[in-house]
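Peer 1: Mind looking over this structure? Questions follow.
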Ligand SMILES: Nc1ncnc2c1ncn2[C@@H]1O[C@H](COP(=O)(O)OP(=O)(O)OP(=O)(O)O)[C@@H](O)[C@H]1O
Ligand SMILES: Nc1ncnc2c1ncn2[C@@H]1O[C@H](COP(=O)(O)OP(=O)(O)OP(=O)(O)O)[C@@H](O)[C@H]1O
């Protein structure tokens, strides 16, 4: 066990870097010092230079990249400019943003063994390290698998395992869990945190999903436009919440809730938020929330579950809600645009990934597919796009069976965006990517379509750029724009929001909401699914285990657990408080409405405010906090439960 105290592991002084072919520097005078054993979270808007900064640590920049580089970087005492990549990669373990850029072995075992082999360890020790690293990331049973046969999240786990097998003193990770399911993310980061504490491994982790990662970090660093604009201990970071808001970054729901209510506190979990709000001894209750919205449980009256719009076991293994009952009767719905019957599909005949899927999607629905890594979400999307065919059962799109067709037969009508955007980008500029589809389909209004789709994805200003020279978030938006320009009737998106900041997620999802006819998207982000999907499918081991409105699905803790999902904090808080809310806006509204009911004798002025003003206006005016306090919902110690 290493125990050398007080070393500076990373020291960056006045670092400037300009990529070859660019006139503007990407890094503009970065200064950063990280001590041994610190866990630092680096965040910032997409394209601000986070990945670029990470690549300077192990010498990819400038040794491989070229470009104009000035300033100094010392990692564990080594000046990177005077070192070589071989030496630097043993000083810094780098987990790449795109797992396909990191993985080069054909088998999982070889990939994880590569590092220890290079450290010239003996075979037995290498075997032990591989086994342990795979166990730490939940991939022990995939040891003999081919790396090509892994899902996106599984590949990310292997990339982390490769680094853990080497136990470098500095671990730099570029969005290492962006495609991982929420429970897996938590488990792996707990392991990383333990290693960080016990072995004093220094961690620099880049991420946009602050709401899920903040609690693991000691310190938060924010970049904007190639500069560091905030560097604070985690406990103090939200004292500067306006910086997060101004830069369009995601703020954990409990923090946002408190700030909206005008309470100056930065709780990172539902439990902490309830404590701040004065909800007392809430620990146990949050973990096993009461279902307040089902009055029958209190009265003992039972009704038909379908009537209650609750879970209905269809007998086929799928749990559905009353809302979708028509699907269970075998007849296709009139508006059905996708119809799946007993679908069995996979990549090898003797290993089915999808195991008897039944699904009806109607025109105009926005369907989110969630579930454990490797549960078959991408495989289902590939079937919908006719890129993969059923071994058994049928998939009908627009009423036609996909079996005799290929994906080209849906050109113009179905748009597909892969999990890895790099698989879709092959043109010389962002502009060409967007106009490629309309041009091939001989549309007349190519110019307008191109401009609209680039604008929709906020990349109009990058239209002349080479796609390969963009940040990952920008490349993903380029891939989405290349599909939007066709304006297809069905859009299939495999994790469209990974690696995006809040502003871009909102912009993208609002565009889909307002402009797209039918949308089916895979995501691990339950907050996004709840806000933007009209329907939520939960998958586990090749089956749909729940199907219904997000608001209903989210209440079933057992289903969520089975699919490695967790309730968003705001839902946990609402459950505890006994109100029905799935977003901060709703929760604040409900609480405010409660207070207005109590205060209804107090005249029109307050009524207008609680129903018409936005949350921030309410918070700014200080009304939420004080009125809630007056009404009895909040007292001087917090919210009464
Ligand atoms: N190979 C390259 N050649 C030229 N410019 C590049 C290259 N890679 C990145 N850039 C530019 O540098 C800027 C920063 O990119 P970087 O990938 O570091 O951003 P980021 O903050 O990591 O973004 P994201 O959150 O989307 O991953 C972007 O504007 C991008 O266009
Ligand atoms: N090209 C392939 N060849 C063989 N098996 C594959 C291939 N792609 C995926 N699989 C296997 O199919 C299963 C489902 O993979 P899929 O990509 O559909 O999962 P997913 O739910 O989308 O996962 P993630 O959340 O990690 O993206 C996994 O066990 C994976 O190992």
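Placement of Cβ uses the backbone N, Cα and C atoms for every residue, glycine included.
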Peer 1: With Swiss-Prot as the source, identify the stretch among 192-238, 239-285, 286-332, 333-379 annotated region 'Disordered'.
Peer 2: 286-332
Peer 1: Looking only at the domain 'ABC transporter 1' (10-250), report the model's average pLDDT.
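Peer 2: Mean model confidence (pLDDT) across the domain 'ABC transporter 1' (10-250) is 93.
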Peer 1: Three states by DSSP: which one describes residue 377 (ATP 2 binding site)?
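Peer 2: In three-state terms, residue 377 (ATP 2 binding site) counts as helix.
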Peer 1: For the binding-site residues 51, 375, which one has its C-beta crowded by the most other C-beta atoms within 10 angstroms?
Peer 2: 375
Peer 1: Among 50, 377, the binding-site residues in question, whose Cβ has the most other Cβ atoms within 10 Å in this structure?
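Peer 2: It comes out as 377.
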Peer 1: Would you count the other CB atoms within 10 A of the CB of residue 372 (ATP 2 binding site), including those on all shown protein chains?
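Peer 2: Other Cβ atoms found within 10 Å: 24.
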Peer 1: Quick one: Cα separation, residue 47 (ATP 1 binding site) versus residue 378 (ATP 2 binding site), in Å?
Peer 2: 27
Peer 1: Measure from each Cβ of the binding-site residues 47, 50, 373, 377, 378 to the atoms of ligand 2 and list the residues where some distance is under 6 Å.
Peer 2: 373, 377, 378
Peer 1: Specify the secondary structure state of residue 51 (ATP 1 binding site) as given by DSSP, simplified to three classes.
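Peer 2: Where residue 51 (ATP 1 binding site) sits, the three-state DSSP reduction gives helix.
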